[in-house]
Amino acid sequence: MASQAQSDLAHGGASGHGARHVAIIMDGNGRWAKKRFLPRIAGHRAGVEAVRRVARAARELGLECLTLYAFSSENWKRPANEVADLMRLLRHFIESDLDEFHANGVRLRVIGHYRALDPALVDLIEQAVERTSANTGPIIAIALNYGAQDELVRAAQSIVRRVQSGQLDPEAIGIDDVEAGLDTAGLPPLDLLIRTSGEQRLSNFMLWQAAYAELYFTDTLWPDFDGSALAEAIDAFRLRDRRFGGL
Ligand code: FPP
């Protein structure tokens, strides 16, 4: 049976589901490859295909923002050749898919300490973000060299700088000041956080933003995830009773 969100999708994305911002921890590429006796890179390549499918579905489902955890600040611990493969895939992805994103009005954003990446990749990212910045369609935010604790430290540093320069009174610091210093400043509030592959943890992803997000865990490995899996997650979200601490 088609899900409600899928039927929205079939009818041009009239989104009554209320999910504005969905974030995904794309996990399970390695296990997907292992099951097929393939090298891990084959799992990551299939993961890029899933990114394409899901980015398209997000647009059709009327999401305002889709945030994807592509490389964490802890992923540097992986073997150097796997890190290099992931960086290469990311570069190819931006080079090959940017035109389609742009043609569809997508705005590309990056969260995380991406400036520490290879300078050529940093340039490519900044050009892609700049090229799509005036678009008015959905936002695809890619988390690169992202760690929520690092993001909060950087937000704290920016607050301290504002205090030191006399722009901000320490007693007046509020939630908005922290949010303004996060990489996600300006993005809609996070509604739904999905993790694939059966693991049930946040792994340093969007810890602040997840304060009132609904969490959704699925056993599906990331390379098998697609538009109907996203629609199913959004259907589950629609049934949640969100109270934000109230009654
Ligand atoms: C987790 O699977 C996945 C990653 C660490 C990388 C995610 C990257 C992609 C989907 C491809 C590049 C992204 C873009 C946006 C082009 P894992 O390797 O930890 O899987 P395992 O837990 O089964 O070993």
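Each residue, glycine too, has its Cβ placed from N, Cα and C.
Here TrEMBL flags Asp27 as active site. What TrEMBL records for Asp27, Glu214 is Mg(2+) binding site. The substrate binding site annotation in TrEMBL covers 28-32, Arg40, His44, 72-74, Trp76, Arg78, Arg195, 201-203. According to TrEMBL, the feature active site, proton acceptor maps to Asn75.
TrEMBL feature annotations superimposed on the structure.
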| residue | record | Cβ neighbours (10 Å) |
| --- | --- | --- |
| Asp27 | active site | 22 |
| Gly28 | substrate binding site | 26 |
| Gly30 | substrate binding site | 20 |
| Trp32 | substrate binding site | 23 |
| His44 | substrate binding site | 23 |
| Ser73 | substrate binding site | 19 |
| Asn75 | active site, proton acceptor | 16 |
| Arg195 | substrate binding site | 23 |
| Leu202 | substrate binding site | 16 |
| Glu214 | Mg(2+) binding site | 20 |
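Here the CA atom of the residue listed as 'active site' lies 16 Å from the CA atom of Trp76 (substrate binding site). In the three-state DSSP reading, Glu214 (Mg(2+) binding site) counts as strand. In the vicinity of ligand 1, defined as a Cβ distance under 6 Å, the following of the binding-site residues Gly28, Gly30, His44, Arg195, Leu202, Glu214 are placed: Gly28, Gly30, His44.
Here the C-alpha separation of Leu202 (substrate binding site) and Asp27 (active site) works out to 11 Å.
Counted within 10 Å of its Cβ, the other Cβ atoms near Trp76 (substrate binding site) come to 11, all protein chains included.
A strand conformation is recorded for Arg195 (substrate binding site) in the three-state DSSP classification.
A straight line from the CA of His44 (substrate binding site) to the CA of Asn75 (active site, proton acceptor) spans 13 Å. The two recorded residues Trp32 (substrate binding site) and the residue listed as 'active site, proton acceptor' have their Cα atoms spaced 18 Å from each other.
It is 7 Å from the Cα atom of Arg195 (substrate binding site) to that of Asp27 (active site).
According to DSSP, Asp27 (active site) sits in a coil region rather than a helix or strand. Taking the Cα of Glu214 (Mg(2+) binding site) as the reference point, the closest of the recorded positions Asp27, Gly28, Ser73 is Asp27. Cα to Cα, Gly28 (substrate binding site) and the residue listed as 'active site, proton acceptor' are separated by 14 Å. DSSP assigns Leu202 (substrate binding site) to coil in the three-state reduction, outside any helix or strand.
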